Amino acid sequence: MIVTLAVFAGLAAVAAWWLVQQGLAEKPWLGTQPAAELVAPGTPRLPTAKIGLGIFLAVAGLLLSLIVSSYVMRMEMADWRPLPRPALLWANTGVLVLSSLALHWAVRAARRGDRAGVQDGMVMGGLTALLFLAGQFLAWRQLSAAGYRPATGPADAFFYLITAVHGLHLLGGLVALGRAGVKLARGAPMHVLRLSVELCATYWHFLLLAWLCLFAVLAYAPSVTAFLALCIAPFR
Amino acid sequence: MGEAVHPANTAIPHDHAEEVELYHPHSWWTRYVFSQDAKVIGVQYSLTAIGIGLVALVLSWLMRLQLGFPGTFDFIDPPAYYQFITMHGMIMVVYLLTALFLGGFGNYLIPLMLGARDMVFPYVNMLSYWVYVLAVLVLVASFFAPGGPTGAGWTLYPPQAILSGTPGGQDWGIILMLLSLALFIIGFTMGGLNYVVTVLQARTRGMTLMRMPLTIWGIFTATVMALLAFPALFVGAVMMLLDRLLGTSFFMPSLVEMGQQLKYGGGSPILFQHLFWFFGHPEVYIVALPAFGIVSDLIATHARRNIFGYRMMVWAIVAIGALSFVVWAHHMYVSGMNPYFGFFFATTTLIIAIPTAIKVYNWLLTLWRGDIHLNVPMLFALGFIVTFVNGGLTGLFLGNVVVDVPLSDTMFVVAHFHMVMGVAPIMVIYGGIYHWYPKITGRMLDETMGKIHFWVTFLGAYLIFFPMHYLGLLGVPRRYHDIGQAAFVPDSAHTLNAFISVVALVVGAAQMLFLFNLAWSLRRGRQAGPNPWGATTLEWQTPETPPGHGNFGPELPVVHRWAYDYSVPGAARDFIPQNEPDPAGRAA
């Protein structure tokens, strides 16, 4: 559970940093300031949807970290038999990077007010994401053809589970991207569009980061184990 | 989302960001069934939770009939008994307590108490409720599936949970249970995002975090915890579902069942225990923190005193929330883990007693020299404090490894957790319903029926669970269909079991009086008026009772003070609502 606790500690640190700024030491029973003085006018506020997405990402991040935790705990056992990793995963990783870059491009275009640029970025981002999913599916086919199926061993099961969970999250992102595309097609005003594209891009970057972590754990698992063993040795 | 004219990401002046486009229902269906109004969703959540809770109540009766009078009821055979205890536990913890506190009280109170018109994502909020209903339906379906519901115990420990010897293990029971849990978590996550973001973004002007009522602090912190804890159960449920359906071996070691080598191999059952309790322990506080918050407001209102140590109360809530994530393995002392881990988890567990004790002292000091009105909400609040202290003290026993090991899996544990997270939160739920029913319906619940309900429930709960501690100390094990004639179990223990069962039947029946009261008072109750308790918080200051669509009138209330200005010296009344401006001249 060390991975989970590390992620949890990170989230707790962010929460604590935020709470400290909220005047938790103030004594609300003393005096009644006029309401107008309580919030300085012009205090920058993030759009509600962005905060919502941020919290969702915290939850999704913890979910993934729990799976990684389970994986790492299982890996420490003596009978661990790692999986061969298909070279295809490297190509898929590259495609996912492209996808993230494309959405970043779309955000830049939206900030300039360039509708055509937004459209290009979103189409590219969507297509590359689909390509990534197809590539992952192909990697599954290759593995299962080589005799590595979910039921053949713990490492195999974890590989399918981790890639499936990540893929499902991307699929959900594609639904959101599709909805943003509908807004674009219907000629929604630029500030509305821009928010949608920004939300999608944030989600994509998160999934890229998550995939890089998951890929590292899946591909270089033994060295991670050794590293972890080193870290927790004093507590054994 | 607000269709404001501001481009995203630029600074929005606070006093312009409040008004949001409200969803307006167009028909009876969208007003009362597929409603996006948080108040309606809150009531829907509560009624659904109470409905499924009644099933769990009946199951507890059946269990008690078997324990009190073994051999008398033929239809309660061992598999049925295991199914009853499993479903009773799961329903009570997840589908009743969690859903009622966060989905029910959370939805109804968060927007109203914060001076908001609704939740920030009303459509997602509606989806959250309907996914919860789906989860409940899948759960209920398992009663009618071939083989019946799962009998794996509410902790669903593998490998037994999916083996043929456990009821539902190789039938539909465990599959439906896991599916239902996954659905519940998806639904809850949608709702939870709403509650958290609403607290962050939709507070009215002047409602700083430190002016929020403690109810909101409790629900807010518990929701954050639930968002972080439920994924662990989700992962565990999905992995076990794959073990059962696809033959993976996440949790299943290689084993021989009835002489047959099973296809599984290489899984780790302990892994599931870690995942389950990483959810399971915070779950205790997910239920307790809203209860702490609500009870603080009940006590302050009905003792006409400001809450003692408001800041400490807030800090304690946050501290308990954070600490509860590093204690999970105290449920696993007997799992064969490293003794140093046991030492670590015993220490963190006992540290939680500090913020919890701070809260108890502050409640008592709030009551001290207060103008205590012994009405029904106050009685339940007092009942909560006593019960929670009781359950907390036995928690100190069980938190220590050396005491826990001999007491593991005895009735002592059953008595402990029923006191601390069964009876105590239920007391608060009742107190909360008696307190807010007048706002929800515009009528008071009947006081006499309420008092009978309280006394039978309160005294009955003690008659049930106090003797159970003693049974546990004798060594009477939990989860046994029939303890039979064992040398260490005296005859008096059997008599005691019969006594407990009789009381359990009576206490269960008393809850019917409560349900009758809910229905009867809807039409016949005394008219409540807008603020029958003389409370300060914003939900009592709405222009209409019950609050109309959009909660407040054309203008949102502006908050000028904290939520606990009771019995302020020199004030005209013994309470000053949060939205009342300061009269000129009163010293700050």
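Residue 1 is the first one shown; counting continues down the chain.
Just so you know, glycine gets a Cβ as well, placed from its N, Cα and C.
Heads up, TrEMBL stuff is auto-annotated, nobody curated it.
Bear in mind that the values here come from a model prediction, so they are computed numbers and not experimental data.
Pulled from TrEMBL:
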- B:23-560: domain 'Cytochrome oxidase subunit I profile' (DOMAIN)
- B:40-62: transmembrane segment (TRANSMEM)
- B:82-109: transmembrane segment (TRANSMEM)
- B:129-152: transmembrane segment (TRANSMEM)
- B:172-193: transmembrane segment (TRANSMEM)
- B:214-242: transmembrane segment (TRANSMEM)
- B:284-300: transmembrane segment (TRANSMEM)
- B:312-334: transmembrane segment (TRANSMEM)
- B:340-364: transmembrane segment (TRANSMEM)
- B:376-398: transmembrane segment (TRANSMEM)
- B:410-433: transmembrane segment (TRANSMEM)
- B:454-476: transmembrane segment (TRANSMEM)
- B:496-520: transmembrane segment (TRANSMEM)
Quick tally over B:129-152, B:284-300, B:376-398 of CB pairs under 8 Å to the transmembrane segment (B:82-109) gives the top stretch as B:129-152
Given the transmembrane segment (B:376-398), its same-chain partners at Cβ distance under 8 Å and 6+ residues beyond its ends are 288, 291, 295, 298-299, 301-303, 330, 349-350, 353, 356, 360, 363-364, 404, 407, 412-413, 415-421, 423-425, 427-428, 430-432, 434-435, 445, 447, 450-451, 453-454, 457-458, 461, 469, 533
Query: Can at least 3 Cβ pairs under 8 A be found between the transmembrane segment (B:340-364) and the transmembrane segment (B:312-334), with each pair 6 or more apart in sequence?
result: yes
Requested in this report: Please check if the transmembrane segment (B:410-433) comes into contact with the transmembrane segment (B:129-152), where contact means 3 or more CB pairs closer than 8 Å and the residues in each pair are separated by 6 or more positions.
Outcome: no
> Is the number of Cβ-Cβ pairs under 8 Å between the transmembrane segment (B:312-334) and the transmembrane segment (B:172-193) three or more, considering only pairs separated by 6 or more positions?
Replying inline: no
Among B:40-62, B:129-152, B:214-242, B:284-300, B:454-476, the most Cβ pairs under 8 Å with the transmembrane segment (B:172-193) come from B:129-152
Sequence-distant residues near the transmembrane segment (B:40-62) by C-beta distance (under 8 Å, 6 or more away from its ends) are 31-32, 73, 76, 80, 84-85, 87-88, 91-92, 95-96, 99-100, 103-109, 125-126, 128-129, 132-133, 136, 139-140, 433, 440, 504-505, 508, 511, 515
Long-range Cβ contacts under 8 Å made by the transmembrane segment (B:129-152), restricted to residues 6 or more beyond its ends, are 34, 41, 44-45, 48, 52, 55, 79-83, 85-87, 90-91, 95, 99, 103, 160-161, 166-174, 176-177, 179-181, 183-184, 186-188, 190-191
When pLDDT is averaged across the domain 'Cytochrome oxidase subunit I profile' (B:23-560), the result is 94
